[in-house]
Amino acid sequence: MIANFSISCVHIFIVLYILAIEVKYGLAGHGEFRRDYTYTPEAKGWIKFHRVPAPWLEARLKCYYEGAVLMSPVNEQLYAVMRNLMLSRADASFTGVQSLTSTGDYISIEGINLLQMPIQWAKGEPDNLNDTERCLAILPDGSISDTKCEQVRTYMCYKEKTGDETITECGTSDKEYTLDNRTGSCYKFHPDCVTWWRAHMACSSEGGYLVIINSEFEAKLLNERYATKKIKCHELRFIHVGFLNPYSDRAYWFTVDGKRLEDAGYDRWAQNEPNNVAGTENCGSLLRNNEGFNDWPCNDYLPFVCEIPIHNRKN
Ligand SMILES: [Ca+2]
Ligand SMILES: [Ca+2]
Ligand SMILES: [Ca+2]
């Protein structure tokens with residue numbers, strides 16, 4: 001009995017000791033960056049394998065919007081992790097290494113020169129076939145080859161653990177999202193001037209959506225928060241918001257979560273809008289002076305706001 005009790009005490013002590021070590025060294029917090037990323041101790045960070053192929057430039061941007069970088073074999077450890085991930089693959093995946101700006105001068109997203117990387121070339125590579133191959137891919141056997149950046153390939157995004165990845169009340173480690181308790185949503189203003197499509201991609205990648213206005217209150221809130229934010233776009237009057245009209249007959253405006261605009265809770269158009277100037281205005285924008293919606297070309301460059309809903313909508 002005493003022996004059993006002693007063993008139990010020893011077990012409890014060991015468990016507590018391990019827990020203490022985990023808390024001290026942050027081992028318990030591995031899942032804290034993003035739910036769609038997996039912590040990999042050998043990589044000292046989180047990795048997401050993107051199975052939906054994309055051209056290199058899109059892949060780089062996708063990782064960036066996710067708060068990560070397009071992964072490269074910048075050291076032995078990361079190269080080993082990447083080779084391991086490729087074992088079950090049938091086709092090559094992009095790495096973050098490219099020579100887009102200078103033929104043959106390869107550099108990773110982190111700015112590390114290929115000469116510093118411990119890679120093994122595939123047979124006959126690099127060959128810059130027809131002077132068209134500026135991006136490096138890793139093959140299922142772990143070797144590296146140069147390949148067309150425009151081709152679509154799978155890829156890996158990598159986030160190095162820095163200890164600053166705490167998830168906020170907005171459910172993200174992105175500190176630029178701030179909660180408004182009155183609407184129950186978190187918002188992030190992007191001053192970048194991008195197309196509606198790019199804004200939509202950025203918000204989705206960040207774990208939210210291009211803002212959907214659900215009330216007069218929310219429209220007013222956005223204008224109060226962001227009307228005076230400095231932007232460098234050629235067009236200063238509007239921001240992209242989350243609705244569009246994808247049909248040529250312009251009969252239907254849909255929010256990015258698939259509902260009819262009039263069912264979202266706010267569908268006030270500014271005076272004389274929507275006016276579909278030159279038949280090109282298929283995307284939603286909000287006037288920054290709180291006058292309501294405007295239809296605007298999807299391919300025009302505007303700033304935008306992303307939304308992550310946290311609580312049930314109150315306003
Ligand atoms: Ca090649
Ligand atoms: Ca909303
Ligand atoms: Ca318009």
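In case you wondered, yes, glycine gets a Cβ from its N, Cα and C as well.
Unlike curated records, TrEMBL annotations are generated automatically.
Here's what TrEMBL has on this protein:
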type	residues	note
DOMAIN	56-158	domain 'C-type lectin'
DOMAIN	182-307	domain 'C-type lectin'
Tally of DSSP helical, extended and coil residues in the domain 'C-type lectin' (182-307): 27 helix, 38 strand, 61 coil
Counts by DSSP class (helix H/G/I, strand E/B, coil) across the domain 'C-type lectin' (56-158): 27 helix, 25 strand, 51 coil
